[in-house]
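Taking it in order: structure first as structure tokens, then the write-up.
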Amino acid sequence: MSRTPVIAGNWKMYKTTAEAREFAAAVKNELQNVSGVEMVVCAPFTTLSVLQEALAGSKIAVGAQNIHFAEEGAYTGEVAPRMLTDLGVRYVIIGHSERRAYFNETNETVNKKVQAALKHDLVPIVCVGEDLSEREAGQTFSIVETQTRAALAGIEAGQAAGLTIAYEPIWAIGTGKSSTAADANEVIAHIRKTVAELYDGETASRIRIQYGGSVKPENIGEYLAQPDIDGALVGGASLAPDSYVGLIRGAVK
Ligand SMILES: O=C[C@H](O)COP(=O)(O)O
């Protein structure tokens, strides 16, 4: 089955509303005629509304970088799924390694967030990946497998098929040290095998699995040429309009 690649920028904690508007104005027309790739920008909560407005009529979808799993409640500082769909947001990153490392996200909270996102028709981009010591100890496959199984617990096949997983080796994030395309493909194929074991071959062939970690316009083509890599989750290189456009052009080559 052929899967449409999804290229998602993750702006992390960068850009004011004025900067987001500037970005949207710069990329909107440039990418108007692109087809064969899904384009997403995952922005800070404070810029979602202006981005949604500034990108209206374009093919670029807006995503958030986190959600809370509750419908609503006394959770100071948190944002509920309904607040995102209210803005027209389509995607949400869940379980990014920075959230697991700095904000106590666990496999259990990741699963609750995936369930909450799906309940509200948000497309989760679920992040999995090993750190350097785990990689050196030969635990890469078992770490991504455990994270994948935990994230998908209680999710039905039909819903699992529609979500996106991002494999991001932690040692490759923002370091300039990217995984080789062949290595990334091997891990992603293992994640796909895990999905096949959890569900069936059909679900595994439909689910999209991205690579993330120091992806740039210059190397995105190598990743997308791999059979199991269905796109990229990009941090640093998604911030500048030229670079974002370069990533998309590199993905459709
Ligand atoms: O979510 C994106 C990743 O953390 C990758 O970040 P990076 O492209 O800056 O290495």
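A Cβ is built for glycine as well, from the same backbone N, Cα and C atoms used for every other residue.
The feature active site, electrophile is assigned by TrEMBL to His96. Under the three-state DSSP scheme, His96 (active site, electrophile) falls in the coil class.
Annotation comment: TrEMBL describes Glu168 as active site, proton acceptor. In the three-state DSSP scheme, Glu168 (active site, proton acceptor) falls into the coil class. All protein chains shown were included, and the count of other CB atoms within 10 Å of the CB of Glu168 (active site, proton acceptor) stands at 29.
Its own atom aside, the Cβ of Gly236 (substrate binding site) has 18 Cβ atoms within 10 angstroms in the protein chains shown. What TrEMBL records for Asn10, Trp11, Lys12, Gly174, Ser214, Gly235, Gly236 is substrate binding site.
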When you tally the Cβ atoms that lie within 10 Å of each candidate's Cβ, which of the recorded positions (Lys12, His96, Gly235) has the highest tally?
His96
Integer Å distance between the CA atoms belonging to Glu168 (active site, proton acceptor) and Trp11 (substrate binding site):
15
Provide the three-state secondary structure of Asn10 (substrate binding site) computed with DSSP.
strand
Residues that sit under 8 angstroms from Gly174 (substrate binding site) by C-beta distance, when 6+ apart in the chain:
Ser214, Gly235, Gly236
